[in-house]
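Engineer: Mind having a look at this structure? Questions to follow.
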Amino acid sequence: MGKEKTHVNVVVIGHVDSGKSTTTGHLIYKCGGIDKRTIEKFEKEAAELGKGSFKYAWVLDKLKAERERGITIDIALWKFETPKYNVTVIDAPGHRDFIKNMITGTSQADCAILIIAGGTGEFEAGISKDGQTREHALLAFTLGVRQLIVAINKMDTTKWSQDRYNEIVKEVSGFIKKIGFNPKSVPFVPISGWHGDNMLDESTNMPWFKGWNKETKAGSKTGKTLLEAIDAIEPPVRPSDKPLRLPLQDVYKIGGIGTVPVGRVETGTIKAGMVVNFAPAAVTTEVKSVEMHHETLTEGLPGDNVGFNVKNVSVKDIRRGNVCSDSKNDPAKESASFTAQVIILNHPGQISAGYAPVLDCHTAHIACKFSELIEKIDRRSEKMEDSPKFVKSGDSAIVKMVPSKPMCVEAYTDYPPLGRFAVRDMRQTVAVGVIKAVEKVDKAGKVTKAAAKASKK
(Lines of atoms letter the chains of each structure in order from A and count residues from 1; the text may use other names and numbers.)
(Lines give C-alpha, C1' and ligand atoms only; values in the text may rest on other atoms or scores of the structure.)
Protein backbone atom coordinates (compact mmCIF):
# COMPACT_ATOMS: atom_id res chain seq x y z
CA MET A 1 0.00 0.00 0.00
CA GLY A 2 1.39 3.36 -1.00
CA LYS A 3 0.63 6.49 0.96
CA GLU A 4 -3.04 7.34 0.74
CA LYS A 5 -3.81 10.00 -1.85
CA THR A 6 -4.78 13.49 -0.75
CA HIS A 7 -8.54 14.10 -0.65
CA VAL A 8 -10.06 17.02 -2.51
CA ASN A 9 -13.70 18.08 -2.78
CA VAL A 10 -15.00 19.49 -6.04
CA VAL A 11 -18.37 21.06 -6.57
CA VAL A 12 -19.81 20.85 -10.08
CA ILE A 13 -21.73 23.96 -11.03
CA GLY A 14 -23.45 25.34 -14.09
CA HIS A 15 -26.82 25.78 -15.74
CA VAL A 16 -29.28 22.89 -15.40
CA ASP A 17 -28.88 21.77 -19.01
CA SER A 18 -25.14 22.17 -19.29
CA GLY A 19 -24.54 18.43 -19.01
CA LYS A 20 -23.34 18.41 -15.41
CA SER A 21 -24.75 14.95 -14.75
CA THR A 22 -23.34 13.41 -17.91
CA THR A 23 -19.90 14.86 -17.32
CA THR A 24 -19.79 13.95 -13.64
CA GLY A 25 -21.26 10.53 -14.38
CA HIS A 26 -18.58 9.94 -17.00
CA LEU A 27 -15.75 10.69 -14.56
CA ILE A 28 -17.28 8.54 -11.84
CA TYR A 29 -18.01 5.76 -14.35
CA LYS A 30 -14.51 5.72 -15.80
CA CYS A 31 -12.30 6.51 -12.80
CA GLY A 32 -14.22 5.75 -9.83
CA GLY A 33 -16.42 4.47 -7.27
CA ILE A 34 -19.03 2.56 -9.19
CA ASP A 35 -18.31 -1.14 -9.09
CA LYS A 36 -18.78 -3.32 -12.17
CA ARG A 37 -21.81 -5.10 -10.69
CA THR A 38 -23.71 -1.85 -10.24
CA ILE A 39 -22.83 -0.75 -13.76
CA GLU A 40 -23.96 -4.06 -15.23
CA LYS A 41 -27.21 -3.80 -13.29
CA PHE A 42 -27.78 -0.26 -14.60
CA GLU A 43 -26.86 -1.26 -18.16
CA LYS A 44 -29.32 -4.13 -18.08
CA GLU A 45 -32.09 -1.85 -16.78
CA ALA A 46 -31.20 0.77 -19.36
CA ALA A 47 -31.45 -1.75 -22.17
CA GLU A 48 -34.81 -3.00 -20.88
CA LEU A 49 -36.10 0.55 -20.76
CA GLY A 50 -34.88 1.18 -24.28
CA LYS A 51 -32.25 3.57 -22.99
CA GLY A 52 -29.76 1.52 -24.94
CA SER A 53 -27.63 4.55 -25.58
CA PHE A 54 -26.89 4.14 -21.88
CA LYS A 55 -24.81 7.14 -21.12
CA TYR A 56 -23.31 8.41 -17.98
CA ALA A 57 -26.01 10.77 -16.83
CA TRP A 58 -28.08 7.70 -16.27
CA VAL A 59 -25.68 6.53 -13.59
CA LEU A 60 -26.15 9.81 -11.80
CA ASP A 61 -29.91 9.81 -12.26
CA LYS A 62 -30.03 6.38 -10.66
CA LEU A 63 -27.88 7.50 -7.76
CA LYS A 64 -29.95 10.63 -7.26
CA ALA A 65 -33.23 8.74 -7.48
CA GLU A 66 -32.06 6.24 -4.91
CA ARG A 67 -30.80 9.01 -2.69
CA GLU A 68 -34.07 10.94 -2.95
CA ARG A 69 -36.04 7.84 -2.02
CA GLY A 70 -33.99 7.77 1.13
CA ILE A 71 -32.06 4.68 0.14
CA THR A 72 -28.70 5.40 1.62
CA ILE A 73 -26.34 5.53 -1.27
CA ASP A 74 -22.86 4.32 -0.75
CA ILE A 75 -21.16 7.67 -0.78
CA ALA A 76 -18.18 6.03 -2.50
CA LEU A 77 -20.27 6.24 -5.63
CA TRP A 78 -19.64 9.96 -5.70
CA LYS A 79 -15.89 9.54 -5.73
CA PHE A 80 -13.29 9.12 -8.42
CA GLU A 81 -9.51 9.13 -8.57
CA THR A 82 -6.90 11.08 -10.45
CA PRO A 83 -3.20 10.16 -10.31
CA LYS A 84 -2.69 12.52 -7.33
CA TYR A 85 -6.08 12.83 -5.66
CA ASN A 86 -9.09 11.04 -4.27
CA VAL A 87 -11.87 13.31 -5.48
CA THR A 88 -15.29 13.59 -3.86
CA VAL A 89 -17.99 15.23 -5.94
CA ILE A 90 -20.24 17.54 -3.98
CA ASP A 91 -23.45 17.55 -5.92
CA ALA A 92 -25.11 20.92 -6.28
CA PRO A 93 -28.66 19.73 -6.84
CA GLY A 94 -31.24 22.21 -5.64
CA HIS A 95 -30.09 25.76 -5.72
CA ARG A 96 -31.16 26.47 -2.14
CA ASP A 97 -29.60 23.25 -0.86
CA PHE A 98 -26.39 24.12 -2.58
CA ILE A 99 -26.20 27.49 -0.89
CA LYS A 100 -27.12 26.09 2.49
CA ASN A 101 -24.63 23.23 2.28
CA MET A 102 -21.82 25.48 1.18
CA ILE A 103 -22.45 27.86 4.06
CA THR A 104 -22.96 25.39 6.82
CA GLY A 105 -19.77 23.86 5.59
CA THR A 106 -21.12 20.37 5.27
CA SER A 107 -19.36 20.55 1.98
CA GLN A 108 -16.38 22.78 1.67
CA ALA A 109 -15.24 22.63 -1.93
CA ASP A 110 -11.55 22.97 -2.75
CA CYS A 111 -12.35 23.64 -6.40
CA ALA A 112 -15.40 24.34 -8.55
CA ILE A 113 -15.84 22.85 -12.01
CA LEU A 114 -18.05 25.13 -14.06
CA ILE A 115 -19.69 23.22 -16.90
CA ILE A 116 -20.83 25.37 -19.78
CA ALA A 117 -22.94 24.15 -22.69
CA GLY A 118 -21.20 25.09 -25.93
CA GLY A 119 -24.22 24.48 -28.16
CA THR A 120 -25.71 27.40 -30.07
CA GLY A 121 -28.15 29.31 -27.89
CA GLU A 122 -27.46 27.13 -24.85
CA PHE A 123 -24.42 29.03 -23.73
CA GLU A 124 -26.28 32.30 -24.12
CA ALA A 125 -29.22 31.01 -22.06
CA GLY A 126 -26.99 29.86 -19.25
CA ILE A 127 -25.07 33.06 -19.15
CA SER A 128 -27.95 35.47 -19.67
CA LYS A 129 -28.53 38.00 -16.95
CA ASP A 130 -30.54 35.65 -14.78
CA GLY A 131 -28.76 32.48 -15.80
CA GLN A 132 -27.63 30.12 -13.09
CA THR A 133 -24.13 30.00 -14.55
CA ARG A 134 -23.28 33.45 -13.27
CA GLU A 135 -25.00 33.00 -9.97
CA HIS A 136 -23.34 29.67 -9.21
CA ALA A 137 -19.92 31.07 -10.05
CA LEU A 138 -20.56 34.16 -7.90
CA LEU A 139 -21.74 31.98 -5.02
CA ALA A 140 -18.76 29.67 -5.26
CA PHE A 141 -16.43 32.67 -5.12
CA THR A 142 -18.33 34.38 -2.33
CA LEU A 143 -18.28 31.19 -0.31
CA GLY A 144 -14.53 31.03 -0.52
CA VAL A 145 -13.90 28.66 -3.42
CA ARG A 146 -10.80 30.11 -5.07
CA GLN A 147 -9.92 27.44 -7.62
CA LEU A 148 -11.97 27.05 -10.76
CA ILE A 149 -11.91 24.81 -13.83
CA VAL A 150 -14.12 25.67 -16.80
CA ALA A 151 -15.24 22.78 -19.02
CA ILE A 152 -16.92 23.84 -22.25
CA ASN A 153 -19.19 20.90 -22.92
CA LYS A 154 -21.21 19.58 -25.87
CA MET A 155 -18.44 20.53 -28.31
CA ASP A 156 -19.80 17.73 -30.54
CA THR A 157 -22.93 19.83 -31.15
CA THR A 158 -20.80 22.74 -32.42
CA LYS A 159 -19.05 20.47 -34.96
CA TRP A 160 -15.97 20.82 -32.74
CA SER A 161 -15.74 24.51 -33.68
CA GLN A 162 -12.61 26.35 -32.56
CA ASP A 163 -14.28 29.72 -33.19
CA ARG A 164 -17.22 28.86 -30.96
CA TYR A 165 -14.83 27.65 -28.25
CA ASN A 166 -12.76 30.85 -28.41
CA GLU A 167 -15.88 33.01 -28.31
CA ILE A 168 -17.08 31.25 -25.15
CA VAL A 169 -13.66 31.39 -23.47
CA LYS A 170 -13.54 35.12 -24.08
CA GLU A 171 -17.02 35.73 -22.67
CA VAL A 172 -16.56 33.46 -19.64
CA SER A 173 -13.13 34.93 -18.84
CA GLY A 174 -14.80 38.33 -18.75
CA PHE A 175 -17.52 37.40 -16.31
CA ILE A 176 -15.42 35.27 -13.96
CA LYS A 177 -12.89 38.09 -13.80
CA LYS A 178 -15.66 40.48 -12.71
CA ILE A 179 -16.59 38.03 -9.97
CA GLY A 180 -13.01 37.89 -8.70
CA PHE A 181 -11.37 34.83 -10.25
CA ASN A 182 -8.14 35.34 -12.18
CA PRO A 183 -8.77 33.80 -15.65
CA LYS A 184 -5.04 33.11 -16.04
CA SER A 185 -5.23 30.65 -13.15
CA VAL A 186 -8.29 28.89 -14.62
CA PRO A 187 -7.88 25.96 -17.02
CA PHE A 188 -10.41 26.01 -19.90
CA VAL A 189 -11.08 22.61 -21.49
CA PRO A 190 -13.33 21.89 -24.50
CA ILE A 191 -15.05 18.53 -23.86
CA SER A 192 -17.87 16.23 -24.77
CA GLY A 193 -19.16 14.57 -21.61
CA TRP A 194 -21.30 12.34 -23.82
CA HIS A 195 -18.64 11.12 -26.25
CA GLY A 196 -15.76 11.42 -23.82
CA ASP A 197 -13.61 13.88 -25.75
CA ASN A 198 -10.89 15.47 -23.58
CA MET A 199 -12.43 13.92 -20.50
CA LEU A 200 -9.73 11.32 -19.73
CA ASP A 201 -8.05 11.09 -23.10
CA GLU A 202 -7.06 13.70 -25.59
CA SER A 203 -9.68 14.23 -28.29
CA THR A 204 -8.89 13.50 -31.92
CA ASN A 205 -11.82 15.72 -32.96
CA MET A 206 -10.19 18.97 -31.84
CA PRO A 207 -6.63 18.96 -33.20
CA TRP A 208 -6.68 22.76 -32.88
CA PHE A 209 -6.79 22.52 -29.07
CA LYS A 210 -3.20 22.81 -27.92
CA GLY A 211 -4.06 22.23 -24.27
CA TRP A 212 -4.97 24.30 -21.22
CA ASN A 213 -2.58 26.15 -19.00
CA LYS A 214 -2.91 27.81 -15.64
CA GLU A 215 -0.59 30.07 -13.74
CA THR A 216 -0.13 29.43 -10.04
CA LYS A 217 2.21 30.67 -7.34
CA ALA A 218 4.22 27.52 -7.90
CA GLY A 219 4.62 28.19 -11.63
CA SER A 220 2.52 27.33 -14.64
CA LYS A 221 0.86 23.99 -15.31
CA THR A 222 -0.42 22.60 -18.59
CA GLY A 223 -2.47 19.64 -19.73
CA LYS A 224 -5.00 18.46 -22.29
CA THR A 225 -7.90 16.83 -20.46
CA LEU A 226 -10.43 17.57 -17.75
CA LEU A 227 -8.98 14.79 -15.60
CA GLU A 228 -5.52 16.39 -15.84
CA ALA A 229 -7.00 19.76 -14.89
CA ILE A 230 -8.55 18.18 -11.79
CA ASP A 231 -5.22 16.52 -11.02
CA ALA A 232 -3.58 19.96 -11.19
CA ILE A 233 -5.73 21.43 -8.38
CA GLU A 234 -3.56 23.07 -5.70
CA PRO A 235 -3.62 20.81 -2.64
CA PRO A 236 -5.67 22.33 0.19
CA VAL A 237 -4.00 23.26 3.49
CA ARG A 238 -5.17 20.70 5.96
CA PRO A 239 -6.93 22.13 9.01
CA SER A 240 -4.73 20.21 11.46
CA ASP A 241 -1.75 22.35 10.39
CA LYS A 242 -3.48 25.56 11.45
CA PRO A 243 -3.66 26.97 15.00
CA LEU A 244 -6.42 25.60 17.26
CA ARG A 245 -9.99 26.84 16.89
CA LEU A 246 -12.71 25.02 18.80
CA PRO A 247 -16.12 26.73 19.04
CA LEU A 248 -17.95 25.60 22.19
CA GLN A 249 -21.29 23.87 21.79
CA ASP A 250 -21.96 23.47 25.50
CA VAL A 251 -20.28 23.82 28.87
CA TYR A 252 -21.01 21.20 31.53
CA LYS A 253 -20.31 21.10 35.22
CA ILE A 254 -19.46 17.56 36.18
CA GLY A 255 -19.28 16.58 39.85
CA GLY A 256 -15.81 15.55 40.96
CA ILE A 257 -14.28 16.71 37.67
CA GLY A 258 -15.25 20.34 37.29
CA THR A 259 -15.95 22.42 34.20
CA VAL A 260 -16.07 20.53 30.89
CA PRO A 261 -16.50 22.53 27.67
CA VAL A 262 -17.64 20.49 24.66
CA GLY A 263 -17.27 21.24 20.97
CA ARG A 264 -15.86 20.23 17.62
CA VAL A 265 -12.22 20.87 16.81
CA GLU A 266 -12.41 22.90 13.58
CA THR A 267 -8.70 23.58 13.07
CA GLY A 268 -5.49 22.63 14.86
CA THR A 269 -5.28 20.13 17.71
CA ILE A 270 -6.02 20.16 21.43
CA LYS A 271 -4.20 18.15 24.08
CA ALA A 272 -3.72 17.92 27.83
CA GLY A 273 -1.20 20.40 29.22
CA MET A 274 -2.03 23.04 26.62
CA VAL A 275 -2.75 26.55 27.88
CA VAL A 276 -5.89 27.66 26.09
CA ASN A 277 -7.73 30.90 25.83
CA PHE A 278 -11.49 31.41 25.39
CA ALA A 279 -12.69 34.35 23.30
CA PRO A 280 -14.55 36.66 23.67
CA ALA A 281 -14.68 35.68 27.37
CA ALA A 282 -10.93 36.41 27.66
CA VAL A 283 -10.28 33.53 30.04
CA THR A 284 -7.00 31.60 29.93
CA THR A 285 -6.50 28.22 31.57
CA GLU A 286 -4.83 24.85 31.30
CA VAL A 287 -6.40 21.79 29.66
CA LYS A 288 -6.28 18.90 32.13
CA SER A 289 -7.61 16.15 29.89
CA VAL A 290 -9.36 15.61 26.55
CA GLU A 291 -12.05 12.99 25.96
CA MET A 292 -14.14 11.73 23.10
CA HIS A 293 -17.00 9.24 23.62
CA HIS A 294 -15.87 8.83 27.25
CA GLU A 295 -12.38 7.77 26.26
CA THR A 296 -9.28 9.80 26.97
CA LEU A 297 -7.58 11.16 23.84
CA THR A 298 -3.93 12.09 23.56
CA GLU A 299 -5.06 14.79 21.16
CA GLY A 300 -8.26 15.99 19.54
CA LEU A 301 -8.03 16.51 15.76
CA PRO A 302 -10.16 18.51 13.32
CA GLY A 303 -13.61 16.96 13.07
CA ASP A 304 -13.45 15.41 16.56
CA ASN A 305 -16.25 16.27 18.95
CA VAL A 306 -14.43 16.48 22.24
CA GLY A 307 -15.04 17.32 25.87
CA PHE A 308 -12.10 18.70 27.82
CA ASN A 309 -11.60 19.46 31.47
CA VAL A 310 -10.33 22.92 32.45
CA LYS A 311 -9.11 24.01 35.85
CA ASN A 312 -10.26 27.04 37.90
CA VAL A 313 -12.90 28.12 35.40
CA SER A 314 -16.51 28.38 36.45
CA VAL A 315 -19.41 27.47 34.18
CA LYS A 316 -20.40 31.13 34.39
CA ASP A 317 -17.16 32.29 32.73
CA ILE A 318 -17.54 30.58 29.37
CA ARG A 319 -20.51 29.62 27.21
CA ARG A 320 -21.73 28.27 23.88
CA GLY A 321 -20.37 30.37 21.01
CA ASN A 322 -17.05 31.05 22.77
CA VAL A 323 -13.99 29.91 20.83
CA CYS A 324 -11.17 27.97 22.45
CA SER A 325 -7.66 28.50 21.03
CA ASP A 326 -4.00 27.93 21.91
CA SER A 327 -2.81 30.92 23.96
CA LYS A 328 0.68 30.59 22.43
CA ASN A 329 -0.31 30.20 18.78
CA ASP A 330 -2.42 32.97 17.22
CA PRO A 331 -5.00 33.01 20.04
CA ALA A 332 -8.58 33.95 19.15
CA LYS A 333 -9.79 37.41 20.17
CA GLU A 334 -13.06 39.25 20.47
CA SER A 335 -14.25 40.86 17.24
CA ALA A 336 -15.11 44.56 17.49
CA SER A 337 -16.42 44.58 13.92
CA PHE A 338 -15.87 42.75 10.65
CA THR A 339 -16.39 43.24 6.93
CA ALA A 340 -18.11 40.50 5.00
CA GLN A 341 -19.30 39.71 1.53
CA VAL A 342 -23.00 39.02 1.88
CA ILE A 343 -25.45 37.60 -0.65
CA ILE A 344 -29.08 38.49 0.02
CA LEU A 345 -31.16 35.41 -0.77
CA ASN A 346 -34.72 36.19 0.18
CA HIS A 347 -35.73 39.32 1.94
CA PRO A 348 -39.07 40.89 1.08
CA GLY A 349 -37.88 44.48 1.26
CA GLN A 350 -34.82 46.63 1.12
CA ILE A 351 -32.04 46.29 3.64
CA SER A 352 -30.20 49.43 4.63
CA ALA A 353 -27.58 50.36 7.23
CA GLY A 354 -28.95 49.79 10.73
CA TYR A 355 -30.54 46.42 9.94
CA ALA A 356 -29.74 44.10 12.86
CA PRO A 357 -30.64 40.45 12.22
CA VAL A 358 -29.26 37.41 14.04
CA LEU A 359 -26.10 35.84 12.67
CA ASP A 360 -25.40 32.14 12.99
CA CYS A 361 -21.64 31.77 12.75
CA HIS A 362 -20.06 28.50 13.97
CA THR A 363 -21.89 27.93 17.31
CA ALA A 364 -22.53 31.62 18.03
CA HIS A 365 -26.03 33.03 17.56
CA ILE A 366 -25.79 36.80 17.98
CA ALA A 367 -27.52 39.87 16.55
CA CYS A 368 -25.19 41.97 14.41
CA LYS A 369 -25.82 45.36 12.91
CA PHE A 370 -25.19 46.12 9.24
CA SER A 371 -23.40 49.32 10.23
CA GLU A 372 -22.23 50.32 6.76
CA LEU A 373 -22.99 49.15 3.22
CA ILE A 374 -19.63 49.54 1.51
CA GLU A 375 -20.44 48.39 -2.03
CA LYS A 376 -22.88 46.23 -3.89
CA ILE A 377 -22.92 44.22 -7.09
CA ASP A 378 -26.26 44.00 -8.82
CA ARG A 379 -26.40 40.43 -10.04
CA ARG A 380 -28.42 41.30 -13.13
CA SER A 381 -26.46 44.24 -14.46
CA GLU A 382 -23.23 43.29 -12.68
CA LYS A 383 -22.79 46.98 -11.89
CA MET A 384 -20.69 47.87 -8.88
CA GLU A 385 -22.02 50.65 -6.72
CA ASP A 386 -20.12 52.26 -3.85
CA SER A 387 -21.90 53.17 -0.59
CA PRO A 388 -25.33 52.00 -1.79
CA LYS A 389 -28.38 53.22 0.12
CA PHE A 390 -29.85 49.72 0.32
CA VAL A 391 -29.51 46.12 -0.87
CA LYS A 392 -32.24 43.71 -1.92
CA SER A 393 -32.69 40.03 -2.80
CA GLY A 394 -30.19 38.91 -5.39
CA ASP A 395 -27.59 41.53 -4.53
CA SER A 396 -24.12 40.71 -3.34
CA ALA A 397 -22.65 43.36 -1.04
CA ILE A 398 -19.66 44.13 1.10
CA VAL A 399 -20.93 45.12 4.52
CA LYS A 400 -19.33 46.28 7.74
CA MET A 401 -20.97 44.49 10.65
CA VAL A 402 -20.91 45.19 14.38
CA PRO A 403 -21.94 42.47 16.87
CA SER A 404 -24.48 43.56 19.51
CA LYS A 405 -22.57 41.67 22.19
CA PRO A 406 -19.10 40.15 22.43
CA MET A 407 -18.46 37.65 19.65
CA CYS A 408 -15.48 35.85 18.14
CA VAL A 409 -15.27 35.33 14.39
CA GLU A 410 -12.37 34.99 11.95
CA ALA A 411 -11.59 35.85 8.33
CA TYR A 412 -12.71 33.05 6.05
CA THR A 413 -9.28 32.74 4.46
CA ASP A 414 -7.66 32.09 7.87
CA TYR A 415 -10.26 29.82 9.49
CA PRO A 416 -13.05 28.85 7.07
CA PRO A 417 -15.49 27.35 9.62
CA LEU A 418 -15.38 30.56 11.69
CA GLY A 419 -15.60 32.80 8.66
CA ARG A 420 -18.97 31.96 7.13
CA PHE A 421 -22.38 32.74 8.48
CA ALA A 422 -26.09 32.71 7.80
CA VAL A 423 -28.28 35.74 8.46
CA ARG A 424 -31.58 34.75 10.04
CA ASP A 425 -34.67 36.91 10.20
CA MET A 426 -38.40 36.22 10.03
CA ARG A 427 -37.66 32.55 10.75
CA GLN A 428 -35.70 32.05 7.58
CA THR A 429 -32.23 32.48 6.14
CA VAL A 430 -32.34 35.87 4.45
CA ALA A 431 -28.66 36.07 3.53
CA VAL A 432 -25.36 34.24 3.72
CA GLY A 433 -21.90 35.66 4.00
CA VAL A 434 -18.19 35.19 4.18
CA ILE A 435 -15.96 37.29 6.41
CA LYS A 436 -13.17 39.14 4.63
CA ALA A 437 -11.49 40.95 7.53
CA VAL A 438 -11.93 41.28 11.29
CA GLU A 439 -11.10 44.17 13.60
CA LYS A 440 -10.04 42.50 16.85
CA VAL A 441 -10.22 43.75 20.41
CA ASP A 442 -7.06 43.48 22.47
CA LYS A 443 -7.92 43.10 26.09
CA ALA A 444 -6.27 41.53 29.07
CA GLY A 445 -8.52 38.88 30.49
CA LYS A 446 -8.65 36.55 33.42
CA VAL A 447 -5.72 34.13 33.69
CA THR A 448 -6.33 31.23 36.07
CA LYS A 449 -3.77 30.03 38.58
CA ALA A 450 -3.44 26.79 36.65
CA ALA A 451 -2.59 28.67 33.46
CA ALA A 452 -0.05 30.89 35.17
CA LYS A 453 1.62 27.82 36.65
CA ALA A 454 1.52 25.87 33.37
CA SER A 455 3.04 28.70 31.36
CA LYS A 456 5.98 28.93 33.75
CA LYS A 457 6.84 25.30 33.15
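Even glycines carry a Cβ here, placed using N, Cα and C.
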Engineer: If you check Swiss-Prot, which stretch out of 14-21, 62-69, 198-205, 294-301 is marked region 'G1'?
Structural biologist: 14-21
Engineer: Given the ranges 33-36, 37-40, 153-156, which one is assigned the annotation region 'G4' in Swiss-Prot?
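Structural biologist: It is 153-156 that Swiss-Prot annotates as region 'G4'.
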Engineer: Lys20 (GTP binding site) has how many other Cβ neighbours within 10 Å of its own Cβ?
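Structural biologist: So the number of other Cβ atoms within 10 Å of Lys20 (GTP binding site) is 26.
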Engineer: I'd like to confirm something. Which of the modified residues, Lys30, Lys79, Lys389, has a Cα closest to the Cα of Met155 (GTP binding site)?
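Structural biologist: Considering only the listed modified residues, the nearest one is Lys30.
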Engineer: Three states by DSSP: which one describes Gly14 (GTP binding site)?
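Structural biologist: DSSP assigns Gly14 (GTP binding site) to coil.
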Engineer: What is the one among the modified residues Lys30, Lys79, Lys316, Lys389 whose Cβ has the most other Cβ atoms less than or equal to 10 Å away?
Structural biologist: Lys79
Engineer: Compare the Cα of Lys389 (N6-methyllysine) against each of the modified residues Lys30, Lys79, Lys316 and report the nearest.
Structural biologist: Lys316
